[in-house]
Amino acid sequence: MTPLMVVLSITAVKDAIDDLKRHQSDDRVNNLPVLLLVNGKMKEDKWMNVQVGDIIKLENNQPVVADILLLSSSEPYSLTYIETADLDGETNLKVKQAISVTSDMEDRLELLSAFNGEVRCEAPNNKLDRFSGILTYKGKNYFLDHDKLLLRGCIIRNTDWCYGLVIYTGPDTKLMQNSGKSTVKRTQIDHLMNVLVLWIFLGLGIICFVLAVGHGIWQNKKGYHFQIFLPWEKYVSSSAVSAILIFWSYFIILNTMVPISLYVSVEIIRLGNSLYINWDRKMFYAPRNTPAQARTTTLNEELGQVKYVFSDKTGTLTQNIMIFNKCSINGKLYGDTYDKDGQRVTVSEKEKVDFSYNKLADPKFSFYDKTLVEAVKKGDHWVHLFFRSLSLCHTVMSEEKVEGMLVYQAQSPDEGALVTAARNFGFVFRSRTSETVIVVEMGKTRVYQLLTILDFNNVRKRMSVIVRTPEDRIMLFCKGADTIICELLHPSCSSLCDVTMEHLDDCASEGLRTLMVAYRELDEAFFQDWSKRHTEACLSLENRESRLSSVYEEVEKDLMLLGVTAIEDKLQDGVPETIIILKKAKIRLWVLTGDKQETAVNIAYSCNLFEDEMDEVFVVEGRDDETIRKELRTARNKMKPESLLDSDPINIYLTTKPELPFEIPEEVANGNYGLIIDGYSLAYALEGNLELELLRTACMCKGVICCRMTPLQKAQVVELMKRYKKVVTLAVGDGANDVSMIKAAHIGVGISGQEGLQAMLNSDFTFSQFQYLQRLLLVHGRWSYNRMCKFLSYFFYKNFTFTLVHFWYAFFNGFSAQTVYETWFITCYNLVYTSLPVLGMSLFDQDVNETWSLLFPELYEPGQHNLYFNKKEFVKCLMHGIYSSFVLFFVPMGTLYNAERNDGKDISDYQSFSLVVQTSLIWVVTIQIALKTTYWTMISHVVIWGSLGFYFCMSFLLYSDGLCLAFPDVFQFLGVVRNALNQPQMLLSIILSVVLCMLPVIGYQFLKPLFWPISVDKVFDRIQECRRLPRQSPVQTKLKHSSTRRSAYAFSHKHGFGALITSGKTMKSRMSKKNTLFSKR
């Protein structure tokens, strides 16, 4: 009982430390400051003290602490701009607007304090895009929808301040409703160990019962008549009573079969392997001074068994930074740099273009082709017109709190990158009103009259602006997808279009997001006539969208081509290479993102999740059950036609309607395919009648993208995989919208990015870069799994071998429960003699070093199928232990039976026999672990051979004359070592026992790769060949993408702020600070 209590206590302390760390992290978040309106004054309080009904003040760049009803803001019409990256992965700005009845309160605290409205709303739920409620205020009812609600997890942007009424707090907020439940995570090996311990316990009971029956029979036949020599105790009235007592005696003697110390050893090993992750300098991210961290110590070996990785996109695969990389203007490509020989060269930070001539340039902007700056300075007409177009054709909003310090708030990062590029090349978008756009062109301020914005939508895939220049010319500037713009060009642009398309193909081949730019000068009379039709279409009540589209097409034609832009959606360092390595390790990657489909697909191609060589990429976009079922079955029919037949084994199995949980076997497609599905279709596909169709189809694909997902849907996809596939899942993300997915997966990894701490606080492992995932899995994970499997195999083997010798001995001692070994040996066997060698192997062993682990990802595969330790391997350990115990008992028994010393004295005594058996056992288990060790260090030699030497030192000490004479009741093996081990037959008996025990092990290790090879055996052969060859430096090759597809910004853009800008709502009715600043100049 005492050892069990020690084990449970150590485990409880370790779990308590893990929980304490999480509690401390939660406290840091709960104690963040917030401004509350209390008794007419603003008071600073803590997040955890915010309650429903409180009025709070939020300022620019602050996170929203609860779900709040927007009451008023610093912006005109009480607009508030928010970023929702933590909720849906999108970084483009969204607009919320307070209802008019509360917007008039502005920031007047006396009015806000007197606010006594009553809000009746729906119960807390997880629907991020829906909210309905009614505000009753001054006797009137006002309808509330999600446009009036600021959700927890949003960030206030481009808004000085806003006030809100708290509607939901804590676990009732929509963010937390999507976070999922926290569960205690246990590895597959944990579950297996618990089952095996139950098996062992049951086996122990059976063995004790057999020995007790044997004792009862022996006592009945012989012991009863032998009482003169061996009298029974007074409380033993019959052989049956004696058998019952012997049952419990053997239960105590054989209790070493039940490995109580196993759990302590496992926790020590896991702690050590967790520290390796924390100490790994190659997973340390210097720019943020952030190391990798194992936030739990219970999941290490499962890192070596991952089959499916579920990843967020924004902030996880990408840096969420758009970079203006290249452009083609009037048939000339800019952006590449060349040496004197005309060879393209790589650039460094020292070679970037100097924009110091432009006082309004963004210092963070980098460009390396100096010829473009020279063209701008020379006044090249087409270059100027190109950048003028970029500075005018957009819906970006500008903020200038300090003169010359411009901050752009763009509807998408693409827009911001284009306007910033124009700004640095001398065409600075400064500010706008509902009727004008102010641009500083090469140092001169020019005011353009904004006549119309022809906004972007998913059908048009382009946007245009019509402006009147200071020279009174009417110009239309247009940008959009090349597939659309090319059809709208004037015939005179055909030759220029051919050259530009070649440049565009080059840019697309590098995975850049391309965009075509064009213009048209409009006649005054034509524009006035068109403007009337445009106004009529805007005011129409029926078919308004189609009429507007027709009117837009009238003016967006006969365009003159200016060029193309190429923007890099900057991936995190090493992402494409990491995904390639994970694919080689047969780890499937699914991208689960709240972002738009087109953006997600672009990134999938950029990071090598999708390849142009794929046979097909299926898109599921149905809006009802039948359509989605048809799309999934059509995809499956192309990948594996027989999977739709009634004769398919899986279909036959499913028709039996097996009870949950059941496992769906792996299906292999007859090609290379990808799958894309959006959140709306996924909502139907995750229902009971379609979820198996979705899972079977998706699991046949090499890459899967689920886009426009809610946080809860991310968790549902992970749960679906766990429910029907016996695989280990890992989820990786960086935002609060990934928390539910991280909690649902077997292993949760948090990227310490720019989207807050929620993902880190709820994760099991954290680091700063996605590329570190390959080291976490292929190095630390694989090593941890291999070490744990070796440890378990050896631990069970040595305990079975040690314990089962007593079973054989029982047949020679009348089943009397006499032990084979000396008492001190029994005490020290697990605690001293065999503990350090197995811990040393489990903490330091490596089958190959980290370099080979990363060069040959195929080594990871055995862990995915749990080949190194399972029930089959356990039975092997049991059979091996039975054989070894048989040899260790009967070889010494046969050797010493009626044996004599050289001087004729008898040596077939119990103590000599016991010494030979235990010495043989120590040699066998020591050589066994030496054979299992593949990475020899000084520590390995010390703990393995040192433990063996320590056994002999302890034997000479414990069986010495001094101790035995001083404490005869405690130390009873007087002089047995020096008297027994100097006899040849004793030494030969030990040698024979060791040889017979080792022969099957060595033979199996030699024959297994020949007759029962696994895939990884061939990899080890390749590694051995590589070791014999001279080491060559790997040739660095740049990952290229063919130009068979476009990576167009226009496809990933979203409906813009055009209507909002032209309505004038973004302009303050009172003079703003920035307009005052401009008027002073």
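Using the three backbone atoms N, Cα and C, a Cβ is placed for every residue, glycine included.
Unlike curated records, TrEMBL annotations are generated automatically.
Taken verbatim from TrEMBL:
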TRANSMEM  192-214  transmembrane segment
BINDING   Asp312, Lys313, Thr314, Glu415, Phe456, Lys479, Arg513, Thr593, Gly594, Asp595, Arg708, Lys714, Asn737, Asp738  ATP binding site
ACT_SITE  Asp312  active site, 4-aspartylphosphate intermediate
BINDING   Asp312, Thr314, Asp734, Asp738  Mg(2+) binding site
TRANSMEM  791-812  transmembrane segment
TRANSMEM  824-844  transmembrane segment
TRANSMEM  877-898  transmembrane segment
TRANSMEM  910-931  transmembrane segment
TRANSMEM  938-959  transmembrane segment
TRANSMEM  986-1007  transmembrane segment
Report the member of Thr314, Asn737 (the binding-site residues) whose C-beta atom has the most other C-beta atoms within 10 angstroms.
Asn737
Counting only CB pairs under 8 A, let me know which of 192-214, 824-844, 877-898, 910-931, 986-1007 has the most with the transmembrane segment (791-812).
877-898
How many other Cβ atoms sit within 10 Å of the Cβ of Asp312 (ATP binding site)?
30
Rounded to the nearest Å - Cα separation of Arg513 (ATP binding site) and Asp734 (Mg(2+) binding site):
24
Listed stretch, out of 192-214, 824-844, 877-898, 938-959, 986-1007, that has the most CB pairs under 8 angstroms to the transmembrane segment (910-931):
986-1007
With a cut-off of 8 Å between Cβ atoms, can you find at least three pairs linking the transmembrane segment (938-959) to the transmembrane segment (192-214)? Only pairs 6 or more residues apart in sequence count.
no
Of the listed stretches (192-214, 824-844, 877-898), which one yields the highest count of Cβ-Cβ distances below 8 Å with the transmembrane segment (986-1007)?
877-898
Of all the binding-site residues given, namely Thr314, Phe456, Gly594, Arg708, which is spatially nearest to Asp734 (Mg(2+) binding site) at the Cα level?
Thr314
To which of the binding-site residues Arg513, Arg708 does the lowest count of other Cβ atoms within 10 Å belong?
Arg708
Including all protein chains displayed, how many Cβ atoms other than that of Asp734 (Mg(2+) binding site) lie within 10 Å of its Cβ?
34
For the binding-site residues Phe456, Gly594, which one has the sparsest Cβ surroundings, going by other Cβ atoms within 10 Å?
Phe456
